[in-house]
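Scroll down for the structure; my scribbles are underneath it.
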Amino acid sequence: MKADIRVALVGNPNTGKSTLFNALTGLNQKIGNFPGVTVDKKVGYCQLPDGRNAEIIDLPGTYSLYPKSRDESIVFSVLAEKETELTPDLVVVILDATNLKRNLLLYTQVADLKIPVIVALNMIDLANKAGVIIDTDLLAQKLGVPVVQVSARKLQGIKELKDTISFANKFALQQDSIDINALAPGLISAISKEVKTDNPYFALQLAHQHETLKFLSPAESERIEELEKQHSFHSQKAQAAETIARYNYINDVLYDTVKTPVTAQDESHSNKIDKILTHKIFGFVIFMGILLFMFQSIFAWSQYPQGLIEDAFVWVQGALRGVLPAGPLTSLLIDGVVAGLSGVLVFIPQIAILFAFISILEDTGYMSRVTFMMDKIMRKVGLNGKSVVPLIGGFACAVPSIMSTRTIENWKDRMITIMVTPLVACSARLPVYTLLISLVVPSRNVWWIFNLQGLALTGMYVLSLVSAVIVAWVMKFILKSRERGYFIMELPVYRMPRWNNVAFSMYERAKTFVLEAGKVIIAVSVILWVLSSYGPGDRFKNIDAKYSQPQYAKSMNPDSLTRVISTEKLENSYAGVLGHTIEPVIRPLGFDWKIGIALITSFAAREVFVGTMATIYSVDGDADRIDSVQQKMRNAKRPDGSPVFTLGVAFSLMMFYAFAMQCASTIAVVYRETKDWRWPAVQFAYMTLLAYGAAFLVYHLLK
Amino acid sequence: MTLSQLEIGETGIVKEFTDLEMSVKLMEMGCLPGEEVRISRIAPLGDPIAIHVSGYQLSLRRFEASTIILQ
């Protein structure tokens, strides 16, 4: 879509920026990446009252133009880089009226870049309720920019904001805030001359951030570095002086525009909730309760929609088989592509429900309390309070969780979190566990209420958390870092979740999951189908020739003959040859070559296991009917007649799936986030070693 | 006297910082010299702490609080 004007939304976290973005653009938005970095770029469009079309870019929330995390560093680049496809014509700065002072810091920085600015004053109703009176006209006059009162949640003031955007000037008219040249005399004019800018604040920001800015050439960056040395520039000191000067200016602005009640207000609503939710004992009890409820609901609520999806696929496969002529292409479509698709889509309910919970916990402000309560424990094991969020998210899927570690500013804490998150039992392991547990653990109650199978599953989940904590603790001693960790974080006021944001996040995450994981799983299903349908040389031809001899047709009924043929073909297919090749390595774990095939294919994605088992044990009909797969696996015998899936083998397999890094998407995302192949390589190696060791141990203990 | 020595409910006024790197981050968050701070709660395990400063609640570790000198 061609836009007539480009508008960037800038603001502190928790100011309702995303809500305002949704209110302005509706569902007319798309999420992509900023060029060169994996920071989510949300772009939407809105029709202005004068008929023009505005492109709205939602920039990551930040407290200042000096970035503390990767996401925040994009804000200055987008605002300052000239004439790119992202350079805004206008910036809307969202200010939280209940906390104007801290919010104005970012405003003054943006304003000093001399881009046309509009202020959107959000949550004015909440401020009024707390007794804060803001003289908006005087504020607008003092700042020299339009100030629009909005309530993004109640959709008030959106029309006025659109009006103001359409009337906005092409030139920046805001008042100067502070004397920038005084912060680094000499250096600013030298840099200005060097990069040919007439904006002193832009020049000062280059002095601070030139090392990380992508739009500067290495030569320019080097030149700026030299100038800094000449003028003995100290970045942190200059930044401290700037912040103090800015707050002095802000205090001047607020002096006669904002009236706050002198009398101490009553204990706030939020404070009362905090007393319970961060209580010494209740705090942890409630947190555990919420987690338990979350997992119960994920399993309970997803059962019905999952059943529907499975049934739908059975129907589709049946219908396709009826319509299409039999042949290798039909088989590829039905047993490869459609079977693979159903393996992906069946996870949608779980992912959607988990992300609904996570977005509710974040939206209400509870997640930051969890961080607050857990920081001390997490720090003991080499993590950070903020690691709790990705670890909990890891129960759904490691991919988005690893992306969410960007909020952890400290490099070492972030790396350790990334390294251990894939150990947490993700939803892709669930079908593997349920299949194997129902195979070997009897479904009977102990102590009246606890089902033995349920206990085994809970045990696997607890094991995953414990192992993540232990590995993190070990890595704390291995990783070296000079950077200091800190935990300076806003505890936002409790708010009701915004249900359309929750719905939007469910939709967005499910879509990402289907697209990202779906590609891999379908590709693997197709490759697996090819590998198991064809064999080297004329082995297949020989098998066909052998069984077409009359004595077989006489002594066996046609059904079992087909089965014997397909089993022998599988053993001689490329997949079978591969399985036999690795058999010596996995025999100590109790696995045979058939399980070996499943292990190999599962290295692309764990959920492929069930489908592979189904294909390998030549199940007739649908590959994802767990019942029939289970029956086949129960009947599977070794050459000597003993069952393949004993207690030892099943638990050994579960251990392998618990620890091994069997997920191509996670490997890819770890590389994207760390920008170094060594991280995913080390992760893959240590997890495979752990998996092998644990499986070996468990097999020999339970054999 | 540093901020980390205050008990829940006690207030103080920020005078200066002992750590430049930390001070830059604290000041950006509105925790500046001359500003009144109040300890609003302490995490169940004794660390971090939450303070009330310039109209909102900020959490920080005890070590970070110990770099803030009060008047």
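Placement of Cβ uses the backbone N, Cα and C atoms for every residue, glycine included.
Record features (TrEMBL):
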type     : residues                             : note
BINDING  : A:11-18, A:36-40, A:58-61, A:122-125 : GTP binding site
BINDING  : A:N22                                : Mg(2+) 1 binding site
BINDING  : A:A23, A:T25, A:G26                  : Mg(2+) 2 binding site
DOMAIN   : A:4-171                              : domain 'FeoB-type G'
TRANSMEM : A:281-301                            : transmembrane segment
TRANSMEM : A:337-361                            : transmembrane segment
TRANSMEM : A:381-403                            : transmembrane segment
TRANSMEM : A:415-442                            : transmembrane segment
TRANSMEM : A:454-475                            : transmembrane segment
TRANSMEM : A:513-531                            : transmembrane segment
TRANSMEM : A:644-671                            : transmembrane segment
TRANSMEM : A:683-702                            : transmembrane segment
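Locations of recorded TrEMBL features on the structure.
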residue : record                : contacts (Cβ under 8 Å, 6+ apart)
A:G11   : GTP binding site      : A:K17, A:G61, A:V93, A:I94, A:L95, A:D96, A:N103, A:L106
A:N14   : GTP binding site      : A:G61, A:D96, A:G365, A:E490, A:P492
A:N22   : Mg(2+) 1 binding site : A:Q29, A:N500, A:N501, A:F504
A:A23   : Mg(2+) 2 binding site : A:A152, A:L155, A:I158
A:T25   : Mg(2+) 2 binding site : A:G44, A:Y45, A:C46, A:I56
A:G26   : Mg(2+) 2 binding site : A:G44, A:C46
A:M123  : GTP binding site      : A:T15, A:G16, A:D96, A:A97, A:T98, A:S151
> Going along the chain, which residues at least six beyond the ends of the transmembrane segment (A:454-475) come within the CB cut-off of under 8 Å?
Replying inline: 295, 380-383, 391, 394-395, 416-417, 419-421, 423-425, 429, 433-434, 437, 441, 446, 654, 658-659, 686, 690
>> So, three-state DSSP: helix, strand or coil for A:G11 (GTP binding site)?
In response: strand
> Can you give the mean pLDDT for the domain 'FeoB-type G' (A:4-171), rounded to a whole number?
Replying inline: 87
>> Which residues of the chain, 6 or more past the ends of the transmembrane segment (A:644-671), have a CB below 8 A from one of its CBs?
In response: 398-399, 402-403, 418, 422-423, 425-426, 428-429, 432-433, 436-437, 439-440, 460, 463-464, 467, 516-517, 520, 589-592, 594-595, 599, 602-606, 609, 633-634, 636-638, 677, 679-680, 683-684, 687-688, 690-692, 694-703
> Including all protein chains displayed, how many Cβ atoms other than that of A:K17 (GTP binding site) lie within 10 Å of its Cβ?
Replying inline: 24
> Are there residues at least 6 beyond the ends of the transmembrane segment (A:683-702) whose Cβ is under 8 Å from a Cβ of it, and what are they?
Replying inline: 418-419, 422-423, 467, 471, 588-590, 646-649, 651-653, 655-661, 667, 670
> By Cβ distance under 8 Å, which residues at least 6 away from the ends of the transmembrane segment (A:381-403) in the same chain are close to it?
Replying inline: 38, 291, 295, 350-351, 354-355, 358, 362, 367, 370-375, 410, 412-414, 416-418, 420-428, 461, 465, 468-470, 472-473, 475-477, 479, 485, 487, 489, 509, 512-513, 516-517, 663, 665-666, 669-670, 673
> What does DSSP say about A:A23 (Mg(2+) 2 binding site): helix, strand or coil?
Replying inline: helix
> Counting all other Cβ atoms within 10 Å across every protein chain shown, which of the binding-site residues A:D40, A:P60 scores highest?
Replying inline: A:P60
